[in-house]
Amino acid sequence: MRLLILGGPGSGKGTQSQKLSEHFGIPWISTGDTLRAEIAADSPLGQQVSETLAKGELVSDKLMIALIKERLQQPDAAKGWILDGYPRTAFQAEELDFFLDTLNTQVNYAIWLELPAHALIERSENRAAIDDNPEALRRRIETLAETTIPMLEYYDYRQRLLRIDGNQPPDDVKREILGGIS
Ligand code: ADP
């Protein structure tokens, strides 16, 4: 199973990704967590992206595409994965499909966790990551509307988009996802 979990900050992407990763016994790959770990380790990549994350901007497509190709070629990703927070731009989505073509595979579903902006803000206010400051949060929600929501059309057109109401208890969200992909 190869799933994309998409949604705004506080939409429950991480929670659902973890549940689905356990359910299917496949790795959970979060691009946001990967980048934050690089920043915490003060690696060259971390130094390169820390300002971008702190501002709530998107990391460049070029860098993200290289990162994800690397990760998806690791042995543990051979039988499937849950991608949390990737892709975020139409270019990333296209490049992901091109890359998966070369591996003779494809995304099964893109799962969109739908929540109104005010609910995202309320939920995110209870978190404390470096990029959860109010200004960065506002910028992330703007980017979501400007760039990521339009990208959903790419999957909708290919009949691989599953829209889920994210404003319900986590186990209900999970049940709805599993019902939708079976
Ligand atoms: P959020 O909680 O805003 O949904 P994530 O934890 O998924 O965010 O990602 C945190 C940050 O990491 C983003 O604001 C962005 O700077 C960067 N990032 C993560 N995934 C991507 C991606 N696919 N493309 C570009 N930047 C990304």
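Glycine residues also receive a Cβ, built from the backbone N, Cα and C atoms like all the rest.
Curation plays no part in TrEMBL annotations; they are all automatic predictions.
In TrEMBL, the ATP site is described by Gly10, Ser11, Gly12, Lys13, Gly14, Thr15, Gln168, and among Arg71, Arg88, Arg127 the residue recorded at this site is Arg127. Within Arg123, Arg138, Arg140, the residue that TrEMBL lists together with Thr31, Arg36, Glu57, Leu58, Val59, Gly85, Tyr86, Pro87, Arg88, Gln92 for binding AMP is Arg140. Screening the binding-site residues Ser11, Gly14, Arg140, Gln168 for a C-beta under 6 A from any atom of ligand 1 leaves Arg140. Comparing the Cα of Thr31 (AMP binding site) with the Cα of every entry in Gly12, Gly14, Thr15, Arg127, Gln168, these being the binding-site residues, the smallest distance points to Gly14. Between the two most distant C-alpha atoms of the annotated ATP binders (Gly10, Ser11, Gly12, Lys13, Gly14, Thr15, Arg127, Gln168) there are 19 Å.
For Arg140 (AMP binding site), the same-chain residues 6+ apart in sequence whose C-beta sits under 8 angstroms from its C-beta are Gly8, Pro9, Gly56, Asp131.
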